[in-house]
Amino acid sequence: VHLTGDEKSAVAALWSKVNVDEVGGEALGRLLVVYPWTQRFFESFGALSSADAVMGNPKVKAHGKKVLGAFSDGLAHLDNLKGTFAQLSELHCDKLHVDPENFRLLGNVLVCVLARNFGKEFTPQVQAAFQKVVAGVATALAHKYH
């Protein structure tokens with residue numbers, strides 16, 4: 001992902017304020033509510049029958065935290081996202097058979113959650129930088145599919 005120095009600074013500054021536990025759970029939960037077909041990958045998580053059930057599900061929250069932990073690792077290696085996400089790409093492609101479009105959807109949901117959580121601090125410039133990052137991460141996660 002090519003980010004300018006200002007974009008890298010903006011991403012790092014905002015990310016340093018992110019509560020990975022909360023934002024991860026909210027982002028994954030919203031993905032499952034807004035795009036209900038993604039729930040098929042999480043049938044073992046139990047109750048996903050309503051928005052309230054999804055958003056309150058401790059397994060959704062725990063996995064969201066794990067997902068955002070991996071995303072944080074990616075932020076530390078923006079110049080090598082394919083390498084950083086190679087194992088996760090292989091897992092999601094070969095074993096879990098996740099549609100790679102879901103990575104793009106989750107990235108966009110994450111941007112929405114960040115905007116909701118940071119309000120005016122999430123300026124259009126910050127959003128543009130994060131859109132580049134989530135697109136790069138989605139591409140890296142989809143790498144094994146090609």
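Keep in mind that glycine also has a Cβ here, set from the backbone N, Cα and C atoms.
Copied over from Swiss-Prot, here are the features:
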type    : residues : note
BINDING : H63, H92 : heme b binding site
DOMAIN  : 2-146    : domain 'Globin'
MOD_RES : S50      : phosphoserine
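Predicted-model confidence for the domain 'Globin' (2-146) is 87, expressed as mean pLDDT. Sorted by the number of other CB atoms within 10 A, the recorded positions S50, H63 start with S50, the lowest.
Here the CA atom of H63 (heme b binding site) lies 18 Å from the CA atom of S50 (phosphoserine). Helix, strand and coil counts under DSSP for the domain 'Globin' (2-146) come to 119 helix, 0 strand, 26 coil.
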